[in-house]
Amino acid sequence: MTKYIFVTGGVVSSLGKGITAASLGRLLKNRGLNVTIQKFDPYINVDPGTMSPYQHGEVFVTDDGAETDLDLGHYERFIDINLNKYSNVTTGKIYSSVLQKERRGEYLGGTVQVIPHITNEIKERVYRSGRETNADVVITEIGGTVGDIESLPFLEAIRQIKSDIGRDNVMYIHCTLIPYLKAAGEMKTKPTQHSVKELRSLGIQPNIIVVRTEMPVSQDMKDKLALFCDIDTKAVIEARDADTLYAVPLSLQEQNMDQIVCDHLKLDNPAADMTEWTALVEKVRNLSKKTKIALVGKYVELQDAYISVVEALRHAGYSFDTDVEVKWVNAEHVTAENVQELVGDTDGILVPGGFGDRGVEGKIVAIQYARENKVPFLGICLGMQLASIEFARNVLGLEGANSSEINPDTPYAIIDLLPEQKDVEDLGGTLRLGLYPCKLAEETNAYNAYNEPVVYERHRHRYEFNNQFRPDMEKAGFVFSGTSPDGRLVEIIELKDHPWFVAAQFHPELVSRPNRPQPLFHDFVRASITNKESK
């Protein structure tokens with residue numbers, strides 16, 4: 001029978017519930033269990049697809065095209081699984097589904113209420129995740145903080161699941177904070193005690209408490225928490241700030257967290273073999289070289305907006321024994337006069353995805369600098385579109401060339417709407433989303449990176465390269481090295497007379513893994529290291 005683990009949070013948000021859940025998932029997978037994982041977000045948006053990155057951080061896209069929470073990126077990178085649309089559920093999705101059923105008459109004229117209709121829908125999303133993946137263990141992270149009004153239906157639903165399927169099949173893990181008061185010189189357990197009290201008042205008794213802390217937690221403090229929270233002392237797990245995220249699974253294993261989980265859920269699996277993971281962490285901690293990459297974006301104040309890009313750069317660096325330092329460059333501040341000052345000290349330039357016109361001209365200036373100065377360049381999504389526009393303007397001389405998204409009246413729409421998007425009015429969920437094939441041209445940097453004729457990558461865009469400009473740009477040295485299998489949609493572009501200038505319409509960062517870097521990122525970092533060594 002499938003086992004269910006629920007991870008909740010208390011005291012404050014951003015405690016690392018997602019990393020805790022992902023780390024536990026890795027440990028259980030290495031015990032030979034089939035693990036899947038999902039995130040429940042209590043906000044009323046249907047998904048984060050139309051939310052500002054300042055509000056939510058990165059939108060992570062799954063193979064099947066779901067626009068999801070950035071925690072799913074952590075889940076995929078840690079557990080090395082590909083998640084799906086059932087892996088991220090919001091209040092908006094739950095209510096939308098219930099209201100559609102009510103309109104279809106599925107409730108037989110009954111009064112639709114939070115209990116049982118909303119809670120039943122939530123429970124069905126939990127069970128469906130296990131069914132769709134045939135999982136041995138389903139880990140579900142409940143977003144937000146215990147005590148939030150928005151979280152109540154989710155907490156009630158997971159409380160009911162224990163009654164539905166039995167205590168041996170359900171486990172509750174509560175993540176809290178033990179703050180350190182510098183003035184008093186001591187750590188305080190009271191916020192955790194009150195958070196657990198709040199959770200218990202809702203009918204949920206945690207089986208494990210994971211305490212986030214800056215300082216070591218003494219045995220006396222663990223005993224105190226165990227007493228007041230009514231759990232075993234060994235089930236108080238310390239989650240101290242780590243030098244690398246990838247060390248967290250090893251820390252949890254040292255404290256026998258995965259064994260406690262298996263004992264409670266009656267899972268008789270051998271201990272997790274973390275030999276390869278330990279080697280990875282040792283490598284990360286002992287990188288001997290450095291390279292600096294400029295990330296020119298519009299959301300650089302909130303680095304979570306580009307979290308998968310940064311992780312993909314780091315993964316690529318690991319394979320070259322190199323620590324990749326990211327220099328954050330606000331695209332709005334980049335001009336032709338200061339671009340040398342802002343990116344001249346870097347070994348490679350990356351322009352990531354984005355929407356809207358803010359910061360676009362600064363990105364184009366940075367791209368021109370990379371092209372003219374032979375600096376390795378990687379463009380992603382909007383970065384690929386702007387690389388095409390920069391070439392059209394400054395090499396072909398098409399003054400005013402632009403994207404019809406940025407300037408609908410441009411005389412040269414190098415980037416235009418996909419034909420199927422012309423009459424779409426809704427913004428949410430209507431992009432070209434998910435995994436699509438890309439055919440690579442031989443003897444190109446893209447082909448050399450992948451070493452395969454056809455690859456599959458994840459997309460999230462509405463606009464595409466306008467094919468009427470392909471002949472002229474090809475004549476001028478612009479290479480269309482990746483297209484859709486029918487050749488209609490441009491997927492990857494690069495330059496003939498440049499050591500490494502590649503840009504992709506898709507989002508390669510989404511499939512990178514710490515032990516298996518994404519090929520374009522791998523080759524980009526290699527080119528950046530070569531550039532540094534040649535200076």
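Don't overthink the numbers, they just go from 1 along the chain as shown.
Positions of Cβ are set from backbone N, Cα and C atoms, glycine also.
Swiss-Prot names SER13, ASP148, ILE149, GLU150, LYS188, THR189, LYS190, PRO191, THR192, GLN193 for binding CTP. Of LYS222, LYS224, LYS234, the residue it gives for the same site is LYS224. Swiss-Prot annotates TYR54, GLY354, LEU382, GLY383, MET384, GLN385, ARG462 as L-glutamine-binding residues; of GLU76, GLU332, GLU405, the candidate listed for that same site is GLU405. According to Swiss-Prot, the residue from ASP69, ASP71, ASP80 that belongs to the ATP site alongside SER14, LEU15, GLY16, LYS17, GLY18, ILE19, ARG240, ASP241, ALA242 is ASP71.
In this structure, of the binding-site residues GLY16, GLY18, PRO191, GLY354, GLY383, the smallest number of CB atoms within 10 A of the CB marks PRO191. Between the listed recorded positions, namely ILE149, CYS381, LEU382, MET384, the fewest other CB atoms within 10 angstroms of a CB are found at ILE149. Under 8 Å, Cβ to Cβ, and six or more positions away along its own chain, GLN193 (UTP binding site) finds LEU225, PHE228, CYS229.
Residues within less than 8 Å, Cβ to Cβ, of LYS224 (CTP binding site) and separated from it by at least 6 positions along the same chain comprise THR189.
Non-local neighbourhood of GLU141 (Mg(2+) binding site): VAL7, LYS17, GLY18, ALA21, ILE37, GLN38, LYS39, PHE40, ASP71, each in the same chain, at least six residues away, with C-beta under 8 Å from its C-beta. A mean pLDDT of 93 is what the model gives for the domain 'Glutamine amidotransferase type-1' (292-534). ASP241 (ATP binding site) and LYS190 (CTP binding site) are 20 Å apart (CA-CA, integer value).
For the recorded positions shown (LYS188, LYS190, ARG462, HIS507), fewest C-beta neighbours within 10 angstroms: LYS190.
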